[in-house]
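**Student:** This is the structure, below, for whatever I ask next.
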Amino acid sequence: MSTLRLLLSDSYDPWFNLAVEECIFRQMPATQRVLFLWRNADTVVIGRAQNPWKECNTRRMEEDHVRLARRSSGGGAVFHDLGNTCFTFMAGKPEYDKTVSTAIVLAALNSLGVTAEASGRNDLVVKTDSGDRKVSGSAYRETIDRGFHHGTLLLNADLSRLANYLNPDQKKLQAKGITSVRGRVANLVELLPGITHQHICEAIQEAFFSHYGERVDAEVISPDNTPDLPNFAETFARQSSWEWNFGQAPAFSHLLDERFRWGGVELHFDVEKGHITRTQAFTDSLNPAPLEALAARLVGCQYRAEVLLQQCEALVGDFPEQEAELKELSAWMAGAVR
């Protein structure tokens, strides 16, 4: 019986693909070597310990229907579209070795006519007249008895969109995370015109089989043809939840300030695991009571635009004379945290 397993995803859903990856990694026999090939439609994928409000322009993502997905490995934020080919290599220890999986990807690129090399811990680069250009980035995860290496190959990605979603608004945001580094990148199609996702997948599969000296049939998976994995539904529910994608953010503080015709407002939020733990409100309004009441109501709430909007509008019954001001405040506040 082969120790290899090959999975190809027909789904562009990042939550589905990451849930498949997580399930297989947790449940695979320690003797198995797995290759999983996939790609995501418009998605910002963040590292396990990152703060989406710091790393991403969450407002623009919502406007453009770009999903947020938190992966289980560390590292920085990346933008995925269908111009990215994603790969995951998994193996039990002591066989797991990220230099092996890196060598497989380099061999695949070489078979297509692209000479690349590893650079630093995470990247693959090609040398051009204008300097080294990054064509692949990776992240890793290890447990006591297994590990995985996953990454992307830039095939024909819309590189102009990287800045759209990975450059946050210039908010007064103080966070305990580390800002991702945006390096110089290149698409493989610039080096090999006409190359496709299928070409890359076939090359990686062949390099995978060649390295291990055996072949297996591919398992093609999708939401309509899910792999036989215990607890997959629960894993998918977690992967697609707000609590995982946003709520796992490191603790941070956020300052909002604005001047309205009825007075200036300054709000200080302390946020942990996606929930507001402390709110301070300052205003020169002649009637500060609604803002003081709002500050008290928000403690314990999820740091979500719709939740802040609901809490603010709920005060109208207590302060009917300030209804117009509260509606103006709620619209501004919700827009500021998106």
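Any Cβ shown, glycine's included, is placed from N, Cα and C.
Sharing the features that Swiss-Prot gives for it:
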type    : residues                                  : note
DOMAIN  : 29-216                                    : domain 'BPL/LPL catalytic'
BINDING : ARG71, GLY76, ALA77, VAL78, PHE79, LYS134 : ATP binding site
BINDING : LYS134                                    : (R)-lipoate binding site
**Student:** Determine, from DSSP, whether ALA77 (ATP binding site) sits in helix, strand or coil.
**Tutor:** coil
**Student:** Relative to the Cβ of PHE79 (ATP binding site), which residues of the same chain, six or more apart in sequence, are found under 8 Å away?
**Tutor:** ASP42, THR43, VAL44, VAL45, VAL66, ALA157, ARG161, LEU162, ASN164, TYR165, LEU166
**Student:** Identify, in sequence order, the residues in the chain of ARG71 (ATP binding site) that are 6 or more apart from it along the sequence and have a CB within less than 8 Å of its CB; answer 'none' if there are none.
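**Tutor:** Result: LEU18, VAL45, ILE46, GLY47, ARG48, ALA139, HIS150.
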**Student:** Suppose we draw a 10 Å sphere around the Cβ of GLY76 (ATP binding site). How many other Cβ atoms does it contain, all chains included?
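**Tutor:** For GLY76 (ATP binding site), the 10 Å Cβ neighbour count is 19.
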**Student:** Report, as a single number, how many Cβ atoms besides its own are within 10 Å of the Cβ of LYS134 (ATP binding site).
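**Tutor:** For LYS134 (ATP binding site), the count of other Cβ atoms within 10 Å is 19.
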**Student:** Please list residues from the chain of VAL78 (ATP binding site) whose Cβ is under 8 angstroms from its Cβ, counting only those at least six apart in sequence.
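**Tutor:** The list for VAL78 (ATP binding site) reads VAL44, VAL45, GLY137, THR152, LEU166, given in order along the sequence.
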